[in-house]
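Working notes, beginning with the structure itself.
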Amino acid sequence: MKSAVVQLPGLNRDRDMIAALTKIGGKAPVTVWQTETEIPADVDLIVIPGGFSYGDYLRCGAIAARMPVMQAIKAKAEAGVKVLGVCNGFQILLEAGMLPGALMRNASLKFVCKEIRLEVTNAETDFTRAYEKGQILRCPVAHHDGNFFADAETAARIEGNGQVVFRYAEGTNPNGSLNDIAGVINERGNVLGMMPHPENLIEAAHGGSDGRGLFASALDVIAA
Ligand SMILES: NC(=O)CC[C@H](N)C(=O)O
């Protein structure tokens, strides 16, 4: 399976993401710059990593979402290619209208950088098959705009459809997110956005490997 990592000015988790995809998938992803208008035809997974695209000006992800590469990503998503956005990548997918809801300033109005507990609420997606429903993962977060919100109708719809894939486990919600929502998927099930950083918990040097299952699922390299 071939993956691609999107690069934009201000994103800074691209190298961690490239390392995770390479170590878990066995081959390096291609990189795609923001001005590119085409994604290579053989790419099956596109990842928008975290960081501070365009210095978080206007709103986190708002400028990045309007770059040419996003049209190419939208077209690929419509064709069924998997897309993963982590942290700033999640914000970009929301700003591009590819996922429901919005991310507001953290309830504390502070940047949070710590480890939280993440509950896998839907283990039947292409991104979470390596986990079990209800499994609790360790995972780091690092953001100031991670407070997920959706209007009542949207929230009821995504909850009812099983589109909430990850929740902050009880007592670990770091940002005030509605219903402890940490990650959501689109209705079709091929576009996932999440605030925590699974790429930063994949090996002993990170202090744990709970994030590996997400990449193993998305890259289709789950051990039998
Ligand atoms: N680590 C990240 O991707 C941070 C995202 C964004 N810049 C925020 O602080 O909310």
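Heads up, the Cβ atoms here are built off N, Cα and C, so glycines get one too.
Here is what TrEMBL says about this protein:
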ACT_SITE  C87  active site, nucleophile
ACT_SITE  H197  active site
ACT_SITE  E199  active site
Response to the item:
Listed in sequence order, the residues of the same chain lying six or more positions from E199 (active site) whose CB sits under 8 Å from its CB are R13, D16, M17, A19, A20, P49, V86, G211, F215
Response to the item:
Under a three-state DSSP reduction, the secondary structure at E199 (active site) is helix
Worksheet entry | Separation of alpha carbons, the residue listed as 'active site, nucleophile' and H197 (active site) (Å) | 7
